[in-house]
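Listed in TrEMBL:
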DOMAIN    28-90  domain 'P5B-type ATPase N-terminal'
DOMAIN    151-209  domain 'Cation-transporting P-type ATPase N-terminal'
DOMAIN    251-367  domain 'P-type ATPase A'
TRANSMEM  43-64  transmembrane segment
TRANSMEM  190-211  transmembrane segment
TRANSMEM  217-234  transmembrane segment
TRANSMEM  382-401  transmembrane segment
TRANSMEM  421-440  transmembrane segment
C-alpha cells in the first residue's frame, strides 16, 4: 500500500535567520533520479525471492542495484518526490554498464512549538554533498556548505561573530566541517569481489573440475585465485588508509560567537564563523578580514615561497568562487598552513567561507573518490570477445549434450562433459593475470612516488604518450598540524615519463 502524502508548508526553513539567502546552489551530478518509499511487504517478498533463487537474485542485485530498489521498494510518482524515503540515482549510462545508486532521504522532524514557522530540511547525500528539497520548485537541488553574504556585513560581524541559534541552524543545514572517507570492511570487500562474474565462473568451473577428477588443476586455480583476491583486497584497503591519512587532522580554533571568544574543534566550524587565526593548519576555506599572516600553500597551489595574506578590501557579495578569484591575496585555502601572524596592532581574523567537501581541498578529494566514468574502447572490445567465446561455448555445450543423448551416455556424465567445454571458454587464470599485471605496474609507480587510486586506469596506458592530469593535495603527520607534503594524482602517464623523477612529471 502506498503511504499517504504528507502536507508540505511553503515556508522556508529558519527564514528569520536568513537561511534561504545563505544557500549556494550548484549543478546536479546525476543523469536522473527516481523516488521510492519503504515497504516491509516488498522487502520481505524480495528476501523470499532471494532464497527461492538460491541467492542468484541477491548476486544480480549487487551487479545492478536498481533491481533491488525496484523490487524491495514502492515507486512514487515524481510529483511526490518530497515524500520519498529512497532516491534511486542514475549515475552513468552505457548499455549494460549503466550505473545506479540508492540514497537514503533524511526527514528531520520539526519541533512542535515552531512547526508553523519552520519546515524541516528534506535532504539526501550524494557524492559527499547534500541535495535539499526545494518546496517551491518541487525538486531536489544540490547546495554547497558555503556562504553568500556582503563583505561589509562580514566586517561588521567580525567583532561579534555568529549567534548560537544561527550556528546551530547552520550546523544542522551544512553538517560537520569534516572530510570523511568511508572505510569498507574486509567482509564487505570480500563479498563484492566474490560475486564478480569472473570469480563466480571460477567457482562454477572448480566444481565441474572436481567432478571430472581434475583435482590438481582445480586446487592450483583455487590457490591462484585466492592469492589474487587477497592482493586485490589488500591493495584497496591500503589505498583507502593512505587517503584517510591524507585528510586526518585534529585542531582547535578560537572562534567569536555572541561577542565572546571560545575554543571549538575544527569539525564544529560552520560557514560564516569568525576565527581569530593562529599558526597551524587551515581546516576550511577562509577570507581574511583583519590583520595579516604568512601562509605556506606549496601543497595546494605549487607556490614554492610562502605567501603573505592581507585583509580583504572593497565591498560586494562574497561567495567561495568570488573570494578565490577577486580576493586571492586575502583567501586562505583549506589545507594550507599559517606559518606566521604579521603585526601586533590588531588581531588576525578570518571568516569561514566553505567547509568540508565544499572547500577546494574537499573538491579535490571528491574527484579522487568519484572519478569521471570512462569506458575505454579496449574494455568494450574485451567484453565483446568474451561474449563471442560464450556463444561458441554454449553452442558446443548443446551439441555435446545432444550427442550424449544419442549415444546413450548417462545424463549426469553427459551434463558434466558438456559443462567442461564451457569452463575452458573463458581462461580460468584471467583474473589472476589481470591482477598481477596491474599489481606490478602499481608497484613500479609506487616505487617512484606515484600513488594510483583507480587501479583499472592503469590499463589505459600504453607505448604511446598520453595526456595526463596531476593535482596536489595534503599529506600531514599524525597530529595533522605539520609538514604538508605534495601528493601527485595522475590519470595517465607515458612510458617516457616513467624513467624521470615523478616530482617533475
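Placement of Cβ uses the backbone N, Cα and C atoms for every residue, glycine included.
Listed by sequence, the residues of this chain that lie at least six past the ends of the transmembrane segment (217-234) yet keep a Cβ under 8 A from its Cβ atoms are 186, 189-190, 193-194, 199, 202, 205-206, 209-210, 428-429, 431-432, 435-436, 439. Each residue of the domain 'P5B-type ATPase N-terminal' (28-90) gets a DSSP state, and the totals for helix, strand and coil are 35 helix, 13 strand, 15 coil. In summary, the transmembrane segment (421-440) lies against the transmembrane segment (190-211): three or more C-beta pairs, each 6 or more positions apart in sequence, are under 8 Å. Per DSSP, the domain 'P-type ATPase A' (251-367) is made up of 28 helix, 48 strand, 41 coil. Taking DSSP states H, G and I as helix and E and B as strand, the domain 'Cation-transporting P-type ATPase N-terminal' (151-209) has 40 helix, 1 strand, 18 coil. When pLDDT values are averaged over the domain 'P5B-type ATPase N-terminal' (28-90), the model yields 90.
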